[in-house]
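Below you'll find the structure, written out as structure tokens, and then a few comments.
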Amino acid sequence: MRLLTLSGLFFMLFLCLCVLSSEGRKRPAKFPKLRPCCHLSPRSKPITWKGNHTRPCRPCRKLESNSWVVPGALPQI
């Protein structure tokens, strides 16, 4: 009887340790293909000799505005 109780408690402790130890781990992120960023403009699109547009760089992210808005506030007129 005691052996069954102790083995059950040991199993529950082992199960909790396994779950909690793997909870905070993240999978390793895949590294994207690193290309320099460039600003899109009509002149920045190079054309191959066949006439196809190429994009050797990725578009740069737009900078977010630093304006701060109070959530739920009504606009002032």
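For all residues, glycine too, the Cβ spot is worked out from N, Cα and C.
The record in Swiss-Prot lists a disulphide bond between C60 and one of C18, C37, C38, namely C37. Swiss-Prot names the disulfide partner of C57 among C18, C38 as C38. Separating the Cα atoms of C37 (disulfide bond) and C57 (disulfide bond) is a whole-number distance of 5 Å.
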